[in-house]
Amino acid sequence: MNISPPHRLRLDGAALVANWRWLKQQGGNAACGAAVKADGYGLGAREVVARLAAAGCRDFFVATWAEAAALMPLPQGTALSVLHGVRPEDMAAAKSIAARPVLNSPEQVRRWRAAGGGACDVMIDTGINRLGIAPEDADVLDGLAIETLMSHLACADEDVPQNAAQRRALLAVAERVPHRRLSLANSAGLCLGPGYALDLTRPGLALYGGVPRPEAAGHIRQAAFPEAQVLQRRRVSAGGSVGYNATWTAAGDTEIAILNLGYADGILRGFSGTGRALADGRALPFLGRVSMDLIAVDATAAPALAEGDWVTIDYDLPIAAAASGLSQYELLTGLGDRFQRCWVN
Ligand SMILES: *Cc1c(COP(=O)(O)O)cnc(C)c1O
């Protein structure tokens, strides 16, 4: 049966591609890749890869081999790197799937060699202390066929000396470790200046509408728009309360609309009393607590809004992050499976 769900995620393919083009331009002559882990930050990795590949993107990044397998076969002429490298239980997949591991430790390097080696990427830890081979252990890389030698910035969204220090540390390793391309910048790193782009960049967040640093504001377009149907319109009399724990009480008679989505869809309770929906450009503030599957909004500004009408949740990422206390990353990757993903453009 084809049941159309009461909420959907409208995805703007033109915004996605425009964001990639802007990021590519920031990187000058560097190739611009795309991080599509976590199912393309919640938008749908397969669709994202197809659209960016058509725009000219050649290098994609996922976290795990399960994510890599789900993207096969890749569009012609593109390559995929698996950021978490190879656990013992990944080796069969790593040898059969057309993707490269990003080797992250001496153990992973030994494992890859023992299985016959072949083209790989390597992560150098230059200070994030999360994944990566320490510069002093770089001797274990002797003789490896390294496609991309990379590192990852810990604080690229801040103006701190650590950014330049990490860049210097990567360049120092690059002098003694043969590689084809060098890569450092994520979305925020791309905003730090031309010296950070090197040969290949790896933006994620900003492709999907996140604004990682002030330099990107006004250039990055929102790409994901949660939309929900009105399930019911009602009037709350003065003194009446709305939702669990009665956290909002009507000062006067108030027209409200009940939306068919909630925290189970990723619109978390941090939006209670701070989020808003938009109906024909008019703001409808959330009232009371966000429930699992329902959200109440003030419908005063939309007198004609009725059962069955669709509204858009205000999900401009910097605004929604400030309203909810969540990061722009969490806002995207938390969007639930119940949303029907609908690409426009
Ligand atoms: C997720 C990730 C990226 C993309 O980062 P954004 O901040 O989303 O642009 C790039 N490189 C690595 C290693 C990552 O894990």
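Cβ atoms are placed via backbone N, Cα and C, with glycine included.
Just so you know, TrEMBL annotations never went through curation; they're auto-generated.
The annotation substrate binding site is assigned in TrEMBL to Arg130, Met292. The DSSP secondary structure for Met292 (substrate binding site) is coil.
Mean pLDDT across the domain 'Alanine racemase C-terminal' (223-344) comes to 97 in this model. According to TrEMBL, the feature domain 'Alanine racemase C-terminal' maps to 223-344.
As annotated by TrEMBL, N6-(pyridoxal phosphate)lysine applies to Lys37. Look at Lys37 (N6-(pyridoxal phosphate)lysine): DSSP puts it in a helix. A 10 Å cutoff on Cβ-Cβ distances gives Lys37 (N6-(pyridoxal phosphate)lysine) a total of 19 other Cβ atoms nearby, all chains included.
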Legend entry - CB contacts for Met292 (substrate binding site) [other CB atoms within 10 A, all chains]: 11
Inset, instruction - Let me know how many other Cβ atoms fall within 10 Å of the Cβ of Arg130 (substrate binding site). - result: 10
Inset, instruction - To the nearest whole angstrom, state the Cα distance for the pair Met292 (substrate binding site) and Lys37 (N6-(pyridoxal phosphate)lysine). - result: 26
